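Here is what TrEMBL says about this protein:
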type	residues	note
COMPBIAS	113-127	compositional bias 'Low complexity'
REGION	113-145	region 'Disordered'
ACT_SITE	317	active site, proton donor
ACT_SITE	518	active site, proton acceptor
């Protein structure tokens with residue numbers, strides 16, 4: 001690494017930017033002088049300097065002389081084995097964004113010195129970047145911060161922000177409304193698109209700096225999954241091209257159900273630690289991606305980027321793709337049971353090894369018979385029915401223990417690597433659990449079982465997940481906060497989003513881990529907002545130091561429509577516990593609307609379209 005180190009105030013670097021020189025301590029890539037924590041405010045850099053010195057690291061690849069070591073934490077056995085600690089470690093509920101009490105600006109210094117780095121095409125960007133550190137100037141810290149998730153296609157391949165001017169105006173509106181920050185999905189298929197180990201961060205860097213200039217923090221969602229239903233989908237983001245080429249060579253890298261249907265949303269966890277991706281395992285590929293993200297954005301971590309959510313499956317959730325993700329928005333209406341995803345050769349090898357280990361070879365040939373998704377009433381299936389269902393037998397327990405155990409092992413592997421990578425960066429790490437609730441009112445909970453959650457009327461399937469998150473200091477993220485049983489049961493009497501969510505929140509409380517809430521679908525009516533507040537109180541009440549935040553899905557033009565904007569800003573005020581909305585916007589000074597109508601006018605003026 002090349003560490004930037006000032007020699008003296010009189011010496012200048014060789015790029016004529018009036019900055020101190022730097023001493024190369026080692027070779028290879030660039031690192032930055034992160035001076036915001038010990039230099040007095042205000043310190044800021046123009047984009048001419050920042051772009052010149054940052055471009056070298058926005059597209060980068062690792063040193064070919066450095067070899068990635070295989071994961072040695074878990075035995076490379078096909079049999080699913082895990083060890084539980086005798087006592088659950090207590091996780092201190094803290095938020096890194098509470099550490100800063102004043103708004104400060106940071107200074108970033110770096111020097112280009114990497115033969116492996118490619119400069120971005122656009123070196124003439126004259127936008128003035130000022131990276132703001134510390135707490136936003138809203139003046140509230142007694143409530144729960146609200147973040148807004150950005151559109152999936154906020155950046156384009158090639159390193160540009162889509163509709164940049166409209167995005168900037170929308171950011172100003174969010175900051176003026178008291179929103180803490182935005183959630184940015186960082187797509188594996190965009191950053192490491194063409195070649196393994198070559199990362200292009202340009203568009204995301206520009207987007208994060210743009211949000212910071214508007215007084216917003218950023219949560220980065222590292223998305224290792226596919227987005228959209230296909231090339232015709234305007235939000236289509238596939239897996240990296242080189243990964244798809246490997247799947248073409250070995251289709252068993254993708255999940256498969258009993259009908260042989262492949263799901264390409266996420267690489268099968270059956271090959272987690274096998275070198276199937278050009279010499280690397282999937283876990284190694286995810287780890288290298290996270291490490292490169294950390295190294296590239298290190299100056300912003302903990303100051304501007306306050307959270308990193310690590311994707312662990314389809315839609316970024318720790319689950320199996322029992323249903324295609326695009327169907328999950330309406331599957332509860334059709335009451336689909338889902339299909340067990342255990343028919344690729346890697347999953348079958350693991351199942352077979354576990355069955356032979358207990359002397360029941362016949363149990364290792366595939367998933368349960370009589371668990372057909374074609375019969376959408378669980379009572380009409382041999383496996384899921386209430387009376388004498390196979391789910392409640394020795395065989396059912398064996399299979400479901402293995403199936404859910406493989407998912408837990410996958411989550412633990414990623415949690416362990418992420419905790420090591422982001423340790424000491426003051427960034428909150430989190431992971432998401434899927435909101436599968438449409439059979440919660442049945443004894444067998446079939447749609448949860450096929451998703452990998454061994455949760456039934458007699459067994460808690462979410463507590464083991466919460467224990468893993470607590471062990472590695474992860475925040476639990478879950479959706480369904482806006483959904484009400486009284487509404488859902490009118491269309492599906494077996495559904496209970498409130499029951500599902502309460503069980504998940506209780507698991508988080510028991511394990512003393514922070515919580516991030518989300519809504520399942522964009523809903524801007526008062527009833528939905530009040531339900532979010534109600535469920536947040538269910539988690540927080542009675543806790544000495546509750547740690548709750550909310551991610552609103554998601555920013556679009558409807559959000560800024562007059563009546564929707566009024567309701568949204570009222571919701572932000574109620575949840576955050578703020579009576580005054582303030583956001584320091586360097587573009588036009590401080591904006592301090594004094595009434596809800598003023599906020600609505602701001603929203604209309606800054607509408608994202």
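Cβ atoms here come from the backbone N, Cα and C positions, even for glycine.
When the alpha carbons of residue 317 (active site, proton donor) and residue 518 (active site, proton acceptor) are compared, the span between them is 13 angstrom. DSSP classifies the residue listed as 'active site, proton donor' as strand under the three-state reduction. According to DSSP, the residue listed as 'active site, proton acceptor' is assigned to a strand segment.
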